[in-house]
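According to TrEMBL:
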DOMAIN    B:7-175  domain 'Glycerol-3-phosphate dehydrogenase NAD-dependent N-terminal'
BINDING   B:11, B:12, B:13, B:14, B:15, B:16, B:43, B:99, B:155, B:272, B:299  NAD(+) binding site
BINDING   B:122, B:272, B:273  substrate binding site
DOMAIN    B:195-342  domain 'Glycerol-3-phosphate dehydrogenase NAD-dependent C-terminal'
ACT_SITE  B:206  active site, proton acceptor
């Protein structure tokens, strides 16, 4: 029997807390390959005059980010990042994208060699070509292999234990088996695909398509048009993967996993990006105003991803090949009238 | 210049009338390869004491099936099927599935050799193996090549002229070009794929998946579970195509067209089958009762397709490979409790 593996979840937002809860559920109940204690790093903040880490450890509930869900007692929060992650064999990254750079800086040199990284973070990092996969950002910084878990996984619903599926993008079959053992239950099915890049780009780019779907909803164009916009969005995701990662397999099987069609559908028919874009059309307010008012100050990932993507497409002279991505950015940020949205779709390369 | 082609739409329900309107729009405005008069056969019925065919020809509105939309004057209705279809070079079939057998019987021997058939009909025909493609039923009966047009095309929305996409399954490139010239506009984009079988099965089987999506909605399981059910439904559609039509291409490109993901999404997030199944869960009434009450006596295609499909799967010992299709049938018609729905999905071959 191998030495039990230590698990650390880096981040205690709603999704990180849910993953911590699930991992602790498995580790605490018979999965002997894992230490029964699962560690979680929480950014220390005060809630009603108390430290969040203390509240979680004493009351076994994350009243700030996942209220109403009791957490296993073997999920233990550490407010110190290095203490939380010390000796971890599996590091699950669940912080908002803007913080991952600093997290990596602080962890650098303190990560156990051969540790398995799993990123739950959506979005892009920055690299010499403009965009960089976050798995590469984390992996290169910490010197570990990093897989990606993404799918139609709204945190509140996963916490409630309703059936859903997720996709693990992972190039290392041993790592895949370990992560699957840690997280899969009869209500949370994890499928494994090797095209880490496609899985990850699906997770980032769906936000941009969901903004387009929200524009459709705001324009009250009906179900046919919205289905066409979502479909063209999927085609642009696939097209982008082929350009961004020429080493991705030519077959499109990955897009049929939860990370692809399922997460895209869920995001385009619910989700905050869709809602933001719909409100943009209906209210006439700016994205910044809506983020403040509508989203209660919570950052929505889509607009930022749309901008980074647009910058990349411009620099590569690819704007015309991605009319939906381009429409979203030009309408949300460059003052193009939303009534032009359909004319972008009509210029889709598939329609030429 | 070739002799202009004569077009006849067989059927004047809402979708037939919309297609007739679009064809007449193109034929009446410069598309010189078509006779400017487009003919439409309407099953004669009385509306407010007048014949429907007379009303449409005099008032240029189908007040029974497409009220509120004016029709071009060059769309002319004939109540006699043989007169409507006489000499037609393009025959577009838009009758409900149960009537196509009789329509073919009446047309047999009266169809112009080399005429192009286009089926808009969803569902299955009957053959020696239990199920038969409707394009084959029509084609063999009339001795013509029959293509299939399907996609996320809710008739009312297409009539309103909002942007949408459709897919033509067609093995004959000349026919495809002609049909595209007749129907495509800047607001109705027609893509052509050669896998006629996959296109057609998508159109029939989406109804069954939409019933499953409606069960999910009725159970109030949330967006993650529904996205998983829709995705697994898509996997079953793809799996069924491979078994039913081994000659279909191994690549899955067809399913990315409007006939595939887009129509499936539209049907699972709106549409009558979804609504019926949701009401089945919420009300506890039978499918037959709901069709009477909820649907105003309108026939919903899904339940019938689900039954024919289940019969076929049983006869081929394939039930276990299609748990979502099976769940829909057993819950709607065999008294299995709807609370078992998720346990079917958990037994999906992809999850084993």
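Even glycines carry a Cβ here, placed using N, Cα and C.
Note that TrEMBL annotation is computational and uncurated.
Proximity to chain A, defined as a C-beta distance under 8 Å, is registered for none of the recorded positions B:206, B:272, B:273.
Residue B:11 (NAD(+) binding site) has B:122 as its nearest neighbour among the recorded positions B:122, B:206, B:272, B:273, going by CA to CA distance. Neighbour counts were taken as the number of other C-beta atoms within 10 angstroms of each residue's C-beta; across the recorded positions B:122, B:206, B:272, B:299, the minimum falls on B:299.
When the Cα positions of B:122, B:272, B:273 are compared pair by pair, the longest gap among these substrate-binding residues is 14 Å. According to DSSP, the secondary structure content of the domain 'Glycerol-3-phosphate dehydrogenase NAD-dependent C-terminal' (B:195-342) in residues is 115 helix, 0 strand, 33 coil. For the pair formed by residue B:299 (NAD(+) binding site) and residue B:122 (substrate binding site), distance between Cα atoms is given as 12 Å, rounded to the nearest Å. If you take the C-beta of residue B:43 (NAD(+) binding site) and look for same-chain residues 6 or more apart in sequence within under 8 angstroms, you find B:11, B:12, B:52, B:95.
Summary of the substrate site environment: with the site residues B:122, B:272, B:273 set aside, the chain residues having Cβ atoms within 8 Å of the Cβ mean position are B:207, B:210, B:267, B:271, B:300, B:301, B:302. Comparing the binding-site residues B:11, B:13 by how many other C-beta atoms lie within 10 angstroms of each C-beta, the top residue is B:11. Under 8 Å, Cβ to Cβ, and six or more positions away along its own chain, residue B:15 (NAD(+) binding site) finds B:94, B:120, B:153, B:155. The Cβ of residue B:273 (substrate binding site) lies under 8 Å from the Cβ of B:207, B:208, B:210, B:211, B:214, B:267, B:300, B:301, B:302, B:303, each of which sits 6+ residues away along the same chain. Considering only the binding-site residues B:13, B:122, B:272, residue B:206 (active site, proton acceptor) has B:122 as its nearest partner by CA-CA distance. Here the domain 'Glycerol-3-phosphate dehydrogenase NAD-dependent C-terminal' (B:195-342) returns a mean pLDDT of 95 for the predicted model.
For residue B:272 (substrate binding site) paired with residue B:13 (NAD(+) binding site), the C-alpha to C-alpha distance reads 16 Å. The distance from the Cα of residue B:122 (substrate binding site) to the Cα of residue B:13 (NAD(+) binding site) comes to 14 Å. In three-state terms derived from DSSP, residue B:43 (NAD(+) binding site) belongs to neither a helical nor a strand segment and is classed as coil. Summarising the NAD(+) site geometry, the residues cited as binding it (B:11, B:12, B:13, B:14, B:15, B:16, B:43, B:99, B:155, B:272, B:299) extend over a maximum Cα to Cα distance of 23 Å.
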